[in-house]
Every structure is written in structure tokens, then in C-alpha cells.
Amino acid sequence: MKIGIIGAINQETERLKKIIHFYIEKKINTYKIYIGKFKSHDVFLIKSGIGKVSASIATMILIDLYKPDTIINSGSAGSLQSFLKIGDIIIPKKTCYYDVDLTNFGYTRGQIPGYPKEFTVNEKICNFFKKNADKYQLKYIKGLILSGDTFVRENESIKILKKQFPSAIAVEMESSAIAQVCYKFNIPLIIIKSISDASDNNATVNFKENIDIVSYQLSKFVKIILENLIDM
């Protein structure tokens, strides 16, 4: 299989590079791509940069140049629920934008015209991890993840998001944009996130302190996915 992997920042991609064999580095404009192998898979790891547009461009680069069979987005997220702890893994069932509002035209908050109100992801890997939970002994939480072009870092912002999206459990800045592109081109998408902060007034400091822990947790899950992707 040909597998594209997207991480937003250095800490996320550096960990992932260590599980790719014999990679070479290529640069497309400002985007770094690491091309290598994982067992029989051809792997294309790209550092997208932060935010929705950067993530969309990175996704299109992978699709245009390498025609991946599956894309994996791995990265950090801020918690919207008190039961989530630093380093917890989120495998979302759905993702949507929190900063899109066309409700005056009859659309659901977060919905782009011509697209579903939420993007469904991870159906196969949710079933896989459910069946193999004892084998791998890795805990994860399922739920809705929100995306937008703001690093959420205020208690008041959390209240607003929870009111607008009661079922959301975490928030970040790339996954819905990647999901929109994959939806358009009918490419299966796997999203794995790990909690770096509580999206509160201490979020900036906590993110910096915890990003290495988060990246380590993510790399473990991504490796398991790569090892078992054909069987999912």
C-alpha cells in the first residue's frame, strides 16, 4: 500500500520519521516530505505546518504526487472534557469545523455547503482496536473532534465550543481540512490525536511542556496501524 502521513509540526514528524525505514527527504516549495518504507508499505510523511489551509495544501501534495491509498493525520489536540488527561489518545469517529457558520442559509454550524455537517473517519481502525484492545493494551477515547484556525487557550472559549458542539471532546487546527480534501477525492482517512493541554488559560505553557509526550504516544499508535493496515 501507499500511505500518506501528515503531521503539523517538527515534534510530531520527528518521532514518525524514526519508524520509517530508508527514507529520503524531498522538498516541495516549503513542504518537507520524507519518503521511505514500512515493511511492504510505501510511506510518504509530510510536515504540513499549522492550520487548515496549510494542512489542505499538504494533503493535495500527497494526493497529486503520490496517489496514496490511505492518509493518516497524527497530531496534538486540546481537551474540551475534564475526563481527558495529558497523553490520552483520541480516535475520533467524526470531525468538523467550529469556525464555519452558514446557519443563516440553513446549514448546520460547522458545515461547508456541498459537504456533510461532519466528516466520518476511522471506521475500520475503531473496529480493529476494539477487537484487539487486550493484545495491544493501548487505551483510547472515541468522539467528535473540532478544527479551526485558533489555538484555543481560554476557559471562556471552551464554554462557547461546548455549548455549540455538546458532543465534542477535543479541538485542534488541521483534521477537518484534511478530512474535507479526502472526502472530495474519496481517500480513506485515519485521524489519531493525543491530548497536549486542556484548552484553558494554561494551554500555551502546557502544550510546550507536553508535546514530546504527545508525539511519543502518537508514534506508538501509528506504528501499530502501519503494522496492521492491510488487515483492517
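Glycine is no exception: its Cβ is also placed from the backbone N, Cα and C atoms.
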For the substrate site that Swiss-Prot gives with Gly78, Met173, Glu174, which of Val152, Val181 also belongs there? Val152
Round to a whole number and give the Cα-to-Cα distance in Å for the pair Glu174 (substrate binding site) and Glu12 (active site, proton acceptor). 13
In whole Å, how far does the CA atom of Asp197 (active site, proton donor) lie from that of Gly78 (substrate binding site)? 5
Which residue, of the recorded positions Glu174, Asp197, has its CB surrounded by the fewest other CB atoms within 10 A? Asp197
